[in-house]
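Below is one structure, written out as structure tokens; the observations come after it.
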Amino acid sequence: MPESPGGGDAGAPPQATENENPQTERTAAGPPVLSKNARKKLAKQQRFEAKKAEKKAAAKEQKRKEVERKRKEWEESLAGVSKEEKAKLIESRRNLRKERMEKRSLEKESKRDRLTVARERGQNVVVDLQFSHLMNPNEIHSLVQQIMYCYAVNGRCASPAHLWLTGCEGEMDSALKRIPGIDKWIIEKENRSYIEALSNRKEDLVYLTADSETVLEELDLKKAYVIGGLVDRNRWKGITLKKAEEQGIQTAKLPIGNFMKMSSSQVLTVNQVVEILLKYLETRDWKTSFFAVIPQRKRCQSDSEVNAEDIIIEAEEESEQNDDITSNKKICVEEVPSNS
Ligand SMILES: C[S@@+](CC[C@H](N)C(=O)[O-])C[C@H]1O[C@@H](n2cnc3c(N)ncnc32)[C@H](O)[C@@H]1O
């Protein structure tokens, strides 16, 4: 999923100046030009986008071929059989479809029930959408995709969180309104900011931000955790910390450093943070949650080596007990984390 930036209720939203933003330089003639570093970053991003588009097209083509293959297979199975057998095949296919639809509708119903319970007594997780003025259309699009993803993942959880989208105004609101079926989502969608919408619970608000000095130890059901709805590749470093401090609300960072080394910064995307919180709600274990969600490429090489080493040691211990090399090999292969 793509990455992304935030503004504030406390006065005017912070704006990046050229001095604050190392990506631009001013030429003698005047207009800002991209620095060498920023050009490199931009080229890297463009390569990434091109690759992503290529992958998407390939997946679409693969799907089309699969549908075509199945259609042919079906037609072949009907050809050359008697009229009665043909009718039987069609009937059994119809029944299978019906069963599948009933199963889907049951799943939908159970998802609605879980989300309704979460609305009453689930962990409140707020996405602060007051940063759209700091994002370009691609970044807003990317944030909308992340929000869709968060809603889908939350709906699949056995005990989902209760999601809030606050500060839904202007461009961000128009983009959200284009999501098919969003009006049926079981969430709180607010035009107001979280500080207004949850004004009676200001002391329970905790703004999650990688720049906080406080490390989050556990999730507290009484609190509402706020995530900055921003896709900025950390152009707006510190913006959410500044906002929360100006509003006088608590802040905390995820305890990533206690469990893994990251190859660059510890700033994650909105959907990764939501997924980590959901995984933590399920497991009450940060390490499991980080390893399940943070992609391999964001982790330090040494971190995965340490992890692989741990696994090999575990497997060796097991092998000593079992004296069974085959099962030892299997453990190594199966347990190396594969979520890159
Ligand atoms: C892409 S980041 C935005 C970074 C932005 N420059 C900022 O100052 O917050 C999206 C949001 O995810 C949350 N987030 C990302 N990494 C985090 C971390 N390591 N700990 C806590 N929250 C984090 C924050 O709420 C953040 O605003």
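Cβ coordinates come from backbone N, Cα and C, glycine included.
Features reported for this protein in TrEMBL:
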- 1-10: compositional bias 'Gly residues' (COMPBIAS)
- 17-26: compositional bias 'Polar residues' (COMPBIAS)
- 46-75: compositional bias 'Basic and acidic residues' (COMPBIAS)
- 111-301: domain 'SAM-dependent MTase TRM10-type' (DOMAIN)
- 1-85: region 'Disordered' (REGION)
- 315-340: region 'Disordered' (REGION)
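Here the domain 'SAM-dependent MTase TRM10-type' (111-301) has a mean pLDDT of 96 out of 100. Sorting the compositional bias 'Basic and acidic residues' (46-75) by DSSP state (H, G, I as helix; E, B as strand; all else coil) yields 30 helix, 0 strand, 0 coil.
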